[in-house]
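> Dropping a structure here in structure tokens format, bear with me for questions.
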Amino acid sequence: MDKLVIQGGVPLHGEISVSGAKNAALPILCAGLLTDGPLTLDNVPQLQDIATMRKLLLHMGVKIAELGAHCLRLDASDVHTCEAPYDMVKTMRASILVLGPLLARFGHARVSLPGGCAIGSRPVDLHIKGLQAMGAEIHIDHGYIEAKAAKLKGARVFMDIVTVTGTENLMMAATLADGLTILENAAKEPEVVDLAECLVKMGAKIEGAGTDVITVTGVASLHAASHDVVCDRIEAGTYMVATAMTGGEVRLSNARADLLDAVIDKLRESGAEVECSDNSIIVRSKGVVEHPGTLKSVSIRTAPHPAFPTDMQAQFMALNTVADTVATVTETIFENRFMHVQEMQRLGANIEVEGNTAIVRGREFLEGATVMATDLRASASLVLAALVARGETVIERIYHLDRGYERLEEKLRQLGARIQRIK
């Protein structure tokens, strides 16, 4: 199993390009099931989760042509099965996103209950309730969601918890439903907006994406389209925090600052300089490698977009471990999302957990050790901690990283980090 070996203590300098967003690409790949016309997608990241979704779509009969390293053309004109088997979805929670499109276009679906990171229950009942409100008959049998509907009907759906994948699934299903669907308490994440923009290019009638009320007027069919996947705000944020911690100056191209307001505010609060332009972000920082004690502690509280993103919580915890005073990190989205704490403590971090809040007391330095990645963002936070730790850090089980970061070690090496993957 691959490991990362990192020699800490090097400020970062240079420029890297931010990849397309995994969390936008996955639902957009599923949107290809809604039409028999080709869907051409550019800026698709090369990640394990994307490869898993491609395998699932191929299993269903979708033809996928590679037009370039990050460009795919999907053709779902000859789908021959509407089943997503357990073996293909057990590692990826986003597989539930085929449910809405299959049901809307083909009238039936059999989808295994999904897997993914072990960070909380992440229930799919909101997806099911929403589809039932639109007229679907659904039951769960031997770990599979069995759904059928002769024709989905527009409905008013209130989601009592903000759910990104739930919003996406119901929005896709509603594009081919009869009449008007109103999704209330909808997720406002940029990835939801990107999916809506792609669907509109395919002929869907959607208004309100990016607000908490999305209206979808169903159409008879969708058609061929082309779409560029939005940049990955979490990848960008991760490299921004890395630069703030190590010190140096890094320019991120293909990055949108307007998607990162909460993260940028907190980075500036920590003492980093952040300069934003149309398609790039520059981060400058003294950092703790050459200037210990210059990083200011920042307290954060996660909440749905546009508030502070849960997917940046672990990275800011890493920052706070080497900051000047005490910070609190409060997680309100997922339970079990402090699994990185124990591993950070192996590097010398001073962290106490009380319920859904971690109290982080900054210290002058961390020390290298062997640690284990537990989920996608936790593994990223361990990389950040290792970049400023004294000596060598070995991070095991980095397959979690490969699910969500494209060529992370190559990009960090490009910025001067001493990092290598070993088999």
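Residue 1 is the first one shown; counting continues down the chain.
Glycine is no exception: its Cβ is also placed from the backbone N, Cα and C atoms.
Sharing the record's features from Swiss-Prot:
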- Cys117: active site, proton donor (ACT_SITE)
- Lys22, Asn23: phosphoenolpyruvate binding site (BINDING)
- Arg93, Arg122, Pro123, Val124, Asp125, Leu126, Asp311, Ile333: UDP-N-acetyl-alpha-D-glucosamine binding site (BINDING)
- Cys117: 2-(S-cysteinyl)pyruvic acid O-phosphothioketal (MOD_RES)
> Neighbour count, 10 Å Cβ-Cβ cut-off, for Asn23 (phosphoenolpyruvate binding site): what number do you get?
24
> Three states by DSSP: which one describes Leu126 (UDP-N-acetyl-alpha-D-glucosamine binding site)?
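For Leu126 (UDP-N-acetyl-alpha-D-glucosamine binding site) - judged by DSSP and reduced to three states - the answer is helix.
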> Within its own chain, what residues at least 6 apart in sequence put their Cβ under 8 Å from the Cβ of Val124 (UDP-N-acetyl-alpha-D-glucosamine binding site), listed in sequence order?
Ile96, Leu113, Pro114, Ile145, Gly166
> Using the alpha carbons only, what distance in Å do you get between Asp311 (UDP-N-acetyl-alpha-D-glucosamine binding site) and Asn23 (phosphoenolpyruvate binding site) once rounded?
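With distance taken Cα to Cα, Asn23 (phosphoenolpyruvate binding site) is 11 Å from Asp311 (UDP-N-acetyl-alpha-D-glucosamine binding site).
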> What does DSSP say about Ile333 (UDP-N-acetyl-alpha-D-glucosamine binding site): helix, strand or coil?
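In three-state terms, Ile333 (UDP-N-acetyl-alpha-D-glucosamine binding site) counts as coil.
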> If we count other C-beta atoms within 10 Å, could you say which of the binding-site residues Arg93, Asp125, Ile333 has the fewest?
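Counting other Cβ atoms within 10 Å of each of the binding-site residues Arg93, Asp125, Ile333, the minimum falls on Asp125.
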> Can you tell me the CA-to-CA distance separating Arg93 (UDP-N-acetyl-alpha-D-glucosamine binding site) and Lys22 (phosphoenolpyruvate binding site), as a whole number of Å?
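Between the alpha carbons of Arg93 (UDP-N-acetyl-alpha-D-glucosamine binding site) and Lys22 (phosphoenolpyruvate binding site) there are 13 Å.
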